[in-house]
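The structure under discussion appears below in the form of structure tokens.
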């Protein structure tokens, strides 16, 4: 805050019909290197047609005290430069770039939707979900990962383009600012603003709303346009004597019957035995066999014959459920009558996630000898990776029979990359809507109406046409604006004693904006932590695997039955796709809002850094929308490349990590124990679609979100250069700092400081403003107005 003296400002202002323009440009300092400043995806262009200026009645020369701590003694000498050739700049050009980017993405999406629809219909599929590529699961999953990364890049670019255009369309006109100031209000300059929406015309408000709301459906469905459908082979485990391989009969003491329309068990066993004798099974050592089958989802293996040494106690096999001959007393007494000790099925259908099925044994035959549904206390013993610490492959026994080796069926490894046509249609529609809106903005007459998109636009406008509302308030700060009463247009404002502000970047952001950002961060972290706690508790309660090592073993974005979400949702058909997509992508929408608010924080702080540089060093050209003279512009609005590019990269990373934290899982169960697959289940080939989560991906996302916010908070601790009052992007503060002396041109390089000292003023009060000449640095304890 600044101290106010009791003596009101005596000086007055008068209007001028014309103002001589100075030509030339002060040499820029090294800190103004090209590409260092400016960004917020695309830039503004603006021309100010102003008829009058205001000046001090005392005179037009610049008198200053040479006490600037960085004064280089140049005294306003300017190096002349010739005409410059400029690339097209300004927010209109930026909007055209956004339109071109949006069109390219729309074109790609449209071509894909047409090609996929045509190919799918030609293949005989009538539904909206169909495979577009079938192949090795590793290759398909790598392809899907690449596609999802590209989708996240595209969605982030669309969001950035929308944010750029939304910031442009919400930028106030000069007349909007004048009306707000007359009412004692202020508008935001150079940052995304909701405040400004109450002052802009309805047509621009409609464009802003359409751009914003068209992003929500895109983030709800874009990541789920492509899904991987993974086969889960339902296989038979045969615990056999080595004679089984030689074709010794397996006995027919007690036939096991499936449903009346299904073949008998002996047909399945005969099918397996014939394949073994024809060398269609791969021989695996015990440790390789465990690694191959100790998984919740088996897509690269199928039926397995586990060859055992004769057991020490045949009756130990009575502990195995589905034991083929457990009711026949002659089995252990006359073992030579058969070559099989026991057989049972792996036939989980992921219903374990809802607790509605007993088929939860996964690979319990490897070590616990009990299905998951039978003995909960033994679940962890057979969890993924747990066998590594629980047993030695060299001494692997089942029942009391030591495992010699396994014979494993290696079926065709075929995963499916599927496209959801209805979702890609939604993406195309809202992509097209966004493109049309951006084109309307880019081709509108908004440029001719002079929106104040950057801080430089506002400074140029107020230099060219000064405001009477803020005269004599050159040290007005954002803190005083927020605490002041309504400003009367003709109210006399007392002079202000200058005090060093010692400001930091964080002070450039309003308390309301910091509060909103903090709330969104807390909501995002609470959502992620809540999902992590829910998942860990659920894993511990149902599978005894909620500890850190078990969570790590589950990997990132991997498919397994443990992490399928146990909610009462549709699990098959298109209804399951809709429900799963909405749940899986809800965090994506939250993350988009988070990106917008964090981007606005960085934009405000970058604007404060740029603003403060005008108070020290040499003269600097204004960065405006439509440059004239020595003014400069870029394709972007306010955010420097060194901030925007990392921010966009972090946004892509966060969106991708969230897509790995909560995602769509589609499994199609595939029985392999019979010659004709699928005959034991009438719906065996209908895929099961469920939402699933990845604890490790959630943890990494939490870390990324927290580190990103802490990084922004750290940026807020950077000290600003002293001199210019802190603005918080307030139009009132910018206006108050722009009451130059006669002859000051906004098209030349400018610097802010003392342009009139107390010794040269009739009221013994100094004045600070922008000037093309060298200026003084405000003195501590001196009065300025």
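Placed from the backbone N, Cα and C atoms, the Cβ positions cover glycine too.
TrEMBL does not curate its annotations; it predicts them automatically.
Among the ranges 58-85, 86-113, 114-141, the one that TrEMBL lists as region 'Disordered' is 58-85. Of all ranges given (644-667, 668-691, 692-715), TrEMBL attaches the label transmembrane segment to 692-715. TrEMBL lists transmembrane segment at one of the ranges 371-394, 395-418, 419-442, 443-466, namely 419-442. Given the ranges 187-204, 205-222, 223-240, the record in TrEMBL names 205-222 as transmembrane segment. The list of residues near the transmembrane segment (419-442) in space but at least 6 beyond its ends in sequence, with Cβ under 8 angstroms from a Cβ of it, reads 92, 95-96, 98-99, 102-103, 105-106, 109-110, 112-113, 116-117, 120, 128-130, 132, 158, 161-162, 165, 168-169, 207, 210-211, 214-215, 217-218, 221-222, 224-227, 574, 577, 581. Panel annotation: around the transmembrane segment (692-715), residues 505-506, 517, 521, 524-525, 528-529, 531-532, 535-536, 539, 551-552, 554-559, 563-565, 594, 598, 601-602, 605, 650, 653-654, 657-658, 660-665 of the same chain, lying at least six beyond its termini, place a Cβ under 8 Å from a Cβ of the stretch.
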